[in-house]
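Chemist: The structure is given below, and queries will be raised subsequently.
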Number of protein chains: 6
Amino acid sequence: MKKGVTINGFVCKPSNNVTANDFFFDGLKNPGQIISPLGSVVTPANVLNITGLNTLGVSLARVDFAPGGVNQPHTHPRATEIIFVLEGELEVGFITTANVLISKTIMVGEVFTFPKGLVHFQINNGAGNAAILAALNSQLPGTQAIAVTLFAASPPVPDNVLAKAFQIGTMEVDNIKSGLASKY
Amino acid sequence: MKKGVTINGFVCKPSNNVTANDFFFDGLKNPGQIISPLGSVVTPANVLNITGLNTLGVSLARVDFAPGGVNQPHTHPRATEIIFVLEGELEVGFITTANVLISKTIMVGEVFTFPKGLVHFQINNGAGNAAILAALNSQLPGTQAIAVTLFAASPPVPDNVLAKAFQIGTMEVDNIKSGLASKY
Amino acid sequence: MKKGVTINGFVCKPSNNVTANDFFFDGLKNPGQIISPLGSVVTPANVLNITGLNTLGVSLARVDFAPGGVNQPHTHPRATEIIFVLEGELEVGFITTANVLISKTIMVGEVFTFPKGLVHFQINNGAGNAAILAALNSQLPGTQAIAVTLFAASPPVPDNVLAKAFQIGTMEVDNIKSGLASKY
Amino acid sequence: MKKGVTINGFVCKPSNNVTANDFFFDGLKNPGQIISPLGSVVTPANVLNITGLNTLGVSLARVDFAPGGVNQPHTHPRATEIIFVLEGELEVGFITTANVLISKTIMVGEVFTFPKGLVHFQINNGAGNAAILAALNSQLPGTQAIAVTLFAASPPVPDNVLAKAFQIGTMEVDNIKSGLASKY
Amino acid sequence: MKKGVTINGFVCKPSNNVTANDFFFDGLKNPGQIISPLGSVVTPANVLNITGLNTLGVSLARVDFAPGGVNQPHTHPRATEIIFVLEGELEVGFITTANVLISKTIMVGEVFTFPKGLVHFQINNGAGNAAILAALNSQLPGTQAIAVTLFAASPPVPDNVLAKAFQIGTMEVDNIKSGLASKY
Amino acid sequence: MKKGVTINGFVCKPSNNVTANDFFFDGLKNPGQIISPLGSVVTPANVLNITGLNTLGVSLARVDFAPGGVNQPHTHPRATEIIFVLEGELEVGFITTANVLISKTIMVGEVFTFPKGLVHFQINNGAGNAAILAALNSQLPGTQAIAVTLFAASPPVPDNVLAKAFQIGTMEVDNIKSGLASKY
């Protein structure tokens, strides 16, 4: 249990103890280490890293991509996201509630927006590495990586739910589940 | 183009023209007709049906299930949902951002909650029909049915994105895409 | 005093201790017992019953009515309400800030809306029982039953305030007060 | 129909046409004229008088009281209120959702708070005039004067609803209704 | 460290311990004592003085002015302000984000608005004292008096930042800094 | 006057006309041209450039600095800001409402936060160019550059207000005003 006066469940320092380091983070400085089979890695900079963000409604994240790397389709349940390409080029997209894919290839220094709560992805189709900086309007936006959410949750989502949803057999469901399990 | 003073893009009637029908809806009265291969149908009651809901931050929906019917994994980008079972029994669940499935079998008259923006589902494992009433804290919560969002958007989500995400081959991706396309 | 990290004054479980029961409630399953002289009873399903609703901004309530039963004019200071008729038929209404009554008789399966903070009521003019499910966009909407608020608060609202407001004598005020006191 | 770009249903001037008068109001300068049988009068200063308040979330009102005057029990569906006594002394109070009256006699220059949406009142039990300035955290808080809302709405709230609520006979209901109708 | 259940970092009393004094404040009753070289003094009435304001989103302040007194240019980072002149006359103004000064001379009983977060000021150019009541839509709006923020913070804002901003020499910056330091 | 259904005063396209370009911006790609005497330039990427940001509550900006360049003390009345250093190193700081300067020198890839509405600045004390990407939790955060707001508004802020605030003579006020006027 934390001690002290809390707001939003986070301890608030007495204002005379606050220092610049409460508003600072150096964890986005270098590319993250890519060990995922997806060929990408996300490094967040939110209220868990920067305590001064508490109640302030914004955060950042850095995503690094190997060639061919994918930041798989995912949602942020509590935030809109706007990205800036730090390096390389990426194909990015989101799907609307009318099931339309809005996508574009974006280059270094270009900006793209993923509206609140919608499924979105980025893929590095280029030959070199790529990286983006993402800004989100929540101090703790949360993430659901869709494939993992559906096929690798614990306990597992029932096979018959997934079979119906994807209109595949339960054996194919199990294959995807075991495929994902073997990779993570 | 709509005429008149608008708020949120919806026309606001002069207050002396408002009638009870602006706050009323009878479209949830009877079970929806189930024609989807999923064995379920959702009937919304939101600001598109009830103009008086504009700015008021709440809406309803009714979901009807045939035996074996599934309300496939989906999100509401702008709302929390709380359901009440009108008929039958259902297995319901949501997945947290820590990838834990929180699920339960619920009976007539029982209540369950799906936190804002998280992937959730319901399945009727019972022998008879089932139905729920869902309340959502948005006048227009929006819905993304995940399987369809990923595998049946138009234009399509690129195969290589889905292959990486689900760790399957692009041929399997195409099989799911064409399977879904043939059913809807 | 509660222990643990709190948000909104409610204890937040560590996320690995959360279970489905934190999002579940079975207290709306059966009609409430009607002992009030009003012939109705309200059973809430809010953050006090469902701890997982904390910060999520929605709740439910069930109201049961004997024949002739009334859910007296009341307000929810922190919520809009939308109702669905579970059983029977009801005359329902709210009064606008322009002092116009917006009312309608609604049947099983029909939906009606009571905008945020406005005085509203339901009455079962039918021959049988009636019941509604109410959804509200607050985890703890609060309720003020107007007659009781004015004539049965403790300590009492001063007689001269009520006499002026209702343009009646203080003896009539006292009669209403003692009448209400004898019934509750 | 209004012309121009609107926000919240109010026309927004192009910023280069904005003048100080869009943020100014002199209608609270003098005591309002008291003609109501209640012995009080409310003069609002909200977005309807001060167009520059649009989207800004605050407004004022002035209430003047003759000796014995009452600002009858009422609610603001969309705002908390905090008052400052400009002249005289007043007994003020609100009733909580636990049906407890919180009241106090306050003097010139003193401050009291009425939480969001709760029924509250002021009465001038002093020998002279009294006046308050009220601040509310909404550009258009709305008001429901309870007695008038219940007994003088148009069309009328049904007698049987009011009879049950106040536990009086319908004849007494009609007496209050006709009493109020004769005064306004 | 405070004890008890807290919301927003403020202790919430059990509702049965709440009294009228939790919603009351008499500190605005008399003019504040003017000792500042500015010839004005601000007395706040916010959640630090009125514990019942917690979560309610509104507060007051009183500002008293000697002849020639100035409430120096300042911002409230979390609130819009609307003022009412209690005594005297004042020249008041705010600057828009398009760098336009919107100003006016206002008299007793007149009202003016300062939109959220914008720099604003009041000056008493009259021969007598003046006073205003200010309402703000935050329980704790915060204040930044600009001159003091820039030239008297501790540790000091670097000279070269201020020299560039004001396009003056660092010696002039130091003169302003020492001038302010000698007065406060 | 704009045509079409508007939300927040911005035209909303029919959803079937939306394209990726509504969510895209390439104006941050290259360093802005520095012509200001401050040695810095701000390039915004907000709802005025990216129409798809409407209602979504986030935006970006790029700031480029020549050696010695300053992004002068300023506020965003409607947003918190979090920055990421794209190039070079900067001394950055904000002043709290307790008048404490919170500052730090930050390098490429490091992150710093400026809480909502507070005065903040950046200065490039390094030998080379510098650049930051800033994220703000508003689609249109607004900016007030303090020196210009106070000393170069049109019409001008009265000399006596500024003289009192800065505790300088009106001649020094006029010197600053004319100095700024000559540079912009």
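Just so you know, glycine gets a Cβ as well, placed from its N, Cα and C.
Annotation source TrEMBL lists domain 'Cupin type-1' at F:26-174. Taken from TrEMBL, the feature oxalate binding site applies to F:ASN71, F:HIS76, F:GLU81. Residues or ranges marked as Mn(2+) binding site by TrEMBL: F:HIS74, F:HIS76, F:GLU81, F:HIS120.
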Chemist: Starting from the Cβ centroid of F:HIS74, F:HIS76, F:GLU81, F:HIS120, the recorded Mn(2+) site, name every other residue in that chain with its Cβ within 8 Å, sequence order please.
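Modeler: Going along the sequence, the neighbours come out as F:THR75, F:ALA79, F:PHE94, F:PHE114, F:LEU118, F:VAL119, F:ALA134, F:LEU136, F:PRO141, F:THR143.
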Chemist: As a quick check of your reading of DSSP, tell me how many residues in the domain 'Cupin type-1' (F:26-174) are helical, how many are strand and how many are coil.
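Modeler: The domain 'Cupin type-1' (F:26-174) comes out at 22 helix, 57 strand, 70 coil.
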Chemist: If I take the alpha carbons of F:HIS76 (oxalate binding site) and F:HIS120 (Mn(2+) binding site), what is the distance between them in whole Å?
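Modeler: F:HIS76 (oxalate binding site) and F:HIS120 (Mn(2+) binding site) have their Cα atoms 9 Å apart.
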Chemist: What is the pLDDT of the domain 'Cupin type-1' (F:26-174) when averaged and given as a whole number?
Modeler: 97
Chemist: Starting from the Cβ centroid of F:ASN71, F:HIS76, F:GLU81, the recorded oxalate site, name every other residue in that chain with its Cβ within 8 Å, sequence order please.
Modeler: F:ALA61, F:HIS74, F:THR75, F:ALA79, F:ILE83, F:PHE114, F:HIS120, F:ALA134, F:LEU136, F:PRO141, F:THR143
Chemist: Round to the nearest Å and give the CA-to-CA distance linking F:HIS74 (Mn(2+) binding site) with F:GLU81 (oxalate binding site).
Modeler: 12
Chemist: Can you give me the Cα-Cα distance between F:GLU81 (oxalate binding site) and F:HIS120 (Mn(2+) binding site) in Å, rounded to a whole number?
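Modeler: Given the Cα positions, F:GLU81 (oxalate binding site) is 10 Å from F:HIS120 (Mn(2+) binding site).
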Chemist: Out of F:HIS76, F:HIS120, which of the binding-site residues has the smallest number of neighbouring Cβ atoms within 10 Å?
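Modeler: With the binding-site residues F:HIS76, F:HIS120, fewest surrounding Cβ atoms within 10 Å: F:HIS120.
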Chemist: For F:ASN71 (oxalate binding site) and F:HIS120 (Mn(2+) binding site), determine the Cα separation and express it in whole Å.
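Modeler: F:ASN71 (oxalate binding site) and F:HIS120 (Mn(2+) binding site) have their Cα atoms 9 Å apart.
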Chemist: Counting across all protein chains shown, how many other Cβ atoms sit within 10 Å of the Cβ of F:ASN71 (oxalate binding site)?
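Modeler: Result for F:ASN71 (oxalate binding site): 30 neighbouring Cβ atoms inside 10 Å.
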